[in-house]
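Enquirer: The feature Zn(2+) binding site is assigned by Swiss-Prot to 563, 567, 665, 669, with sequence analysis given as support.
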């Protein structure tokens, strides 16, 4: 029996033997594709190739692509663990043809791999196929060439209520590449309920789809017209877990070797004995998606991809607690996961320490969140009047505190309270709508600027070149010429202008000819060509014309210094903070650099100083900035890091700075690190959960910044009649003096307030024989208010005191109740009622409670509410 790892390798070996380039799985975070939440299909990394915007040095490819479906249209999360085949994480085996072979070879390759004794050796009589209703070509290949009997070939028409809306017709979007597909099904046998595809019983588990072969042969226009593509392509996908279940003779994916091992390990860790428990399935599935998402740079957070990751982790942890887990357990599955994934586990193994750390921290945080959620639930239940907890509160517990609905229901049942689940479902649906990420490529394929060929980039060595115009675009449309005053995009055959990429801004400058000036404001890539974006201020330009392309050399130079400094900063961060630091984004301009990176903890001032010092040491070392072109495997073997947001071909540009930094980079750089001159960090802060940002400047900009800081220091010293060297000491003296004066003033205020205590006793109001004092005393701290309340309680003997004070734009509330009245009047209940009026909350003992608030303008209302409540309850 083949293991899952052996099946994965045999698939790649088979297609390699058929002339396919074996391409590594891409990240679960799609590169430069904001339309996708996660990589969810094998073709995602080849999207631009299919669109004609990218070229590869091969026309046939095969991959074992890791995928996640837990958001947007492809959302399997709620079914995971409860069905035989739903997963958040799965591997998609695929073979691809980019204008090379088409239907005949694609179908024959699939049949050979599935049925040949040399490969999988599946019984031919167990295989059924579907084709699009009008795809006679595919039908005839299956029937006449391959030999599949007509009774096992099913034509599927437009079964989704629209033209070309069919299980057997695939489209990239509303417009663009599309075409029919053929699907291969495996018949598990009549001992399992279900019917063949297209039948009323097709949702059963007898006939399982194992392979989908898509034939991209049309381009759909905006008006619905289908035009044939000049170079049709093939995109296929086969779920590794599904084919493993078939070959390992089991009916559920959770019974294959990978899941059996993960389930057994989970049971061992949490102390479970029933290996069929669905919670074990949930955890075994979720450790795969969570570990790979973190390895690919996703960090748990409250938005976007991080929010989906957090939901998956918490769902797994919750199921662990259902199984009886008493301590953190989820992260302990990572070593087992790495082992069972074999070669496909290397990316997690490389980040194992960070993966385990983040999983453990998130699980521990969830435990604390559960406690806070219980407190909120207790408070909400105390206010329920009609025996029903609102669905909005239940959803807040779920969404904000990660509180499972069934746990909320258990607590409610103990108090004979039910939940308005319909309202909860409405809130959940509204949240799904807000968070849903479109799974289609939300662009009009036909509106993209597309130009055949490519622009030769000469900017590594030149800032000025003669070049021929190959295309012009005005108002998004291709034109033959433009006139003065028009803004346009100019495509050149060759150019010294750098197009924005890898965080580095595009070059600016101008294009000139006799009597012609085109100001270039930005440079962007459109597929393989460079677009010079700007305005023609003089003359006219036409396709085929030669121009002199001149880059703004000063702006380019300053940008190059900042880009090289970014590499030094990245290396310094990894050396000072740890190898878990990876780039999450950057912006390199001529004025400054911005660098976002993964870092779960705050950076201390000492660490920040160490980082800045280390970068400046490497600048003074004056390392040569060396570039080498090599294949991707050699670059990785050399230890080169890939930069976030960049795409790399088989040949890559490796940038080395001494023995300190080595990265893959296509950007413009300084010749030596010494050219940077000076590196100065301006700000450092968190921009998202687990993501921090450093902004810095270099060269003359850094020197100018230091001069300005010196000027500010000198002016400050002059104002304080000090000098720069003793400025801190002088400020400290002033602060000490100010604190002393403020303390004396506060003491005088408190003394005056205490002296007024006897007046408060005299002015106490009697409510049903109980003495009540409600007063606003501004400028008094909470501590002093407490002392006053205690003193007045003693003077009254029996009574209620409620004080409000405004201090530094904030509200302090203190309520005291003598012991003889606490059965009827509770200080905590009254102070919370007052706090609600001033935007705050609080609590305490029945005889003494405090609260704070942020709305001083509502203090009078808080006093009135207290008086009304006491009138009602005494």
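The first residue you see is number 1, and the count goes up from there.
Note: Cβ is positioned from N, Cα and C throughout, glycine not excepted.
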Enquirer: Compute the mean position of the Cβ atoms of 563, 567, 665, 669, which form the recorded Zn(2+) site, and then list in sequence order the other residues of that chain whose Cβ is within 8 Å of it.
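Expert: Everything else in range on the chain: 504, 560, 564, 566, 625, 655, 663, 667, 668.
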Enquirer: State the count of C-beta atoms found within 10 angstroms of the C-beta of residue 665 (Zn(2+) binding site), not counting that atom itself.
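Expert: If we count other Cβ atoms within 10 Å of residue 665 (Zn(2+) binding site), we arrive at 27.
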Enquirer: Using DSSP reduced to three states, classify residue 563 (Zn(2+) binding site) as helix, strand or coil.
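Expert: Reduced to three states, the DSSP call for residue 563 (Zn(2+) binding site) is helix.
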Enquirer: Tell me, by DSSP, whether residue 665 (Zn(2+) binding site) is helix, strand or coil?
Expert: coil
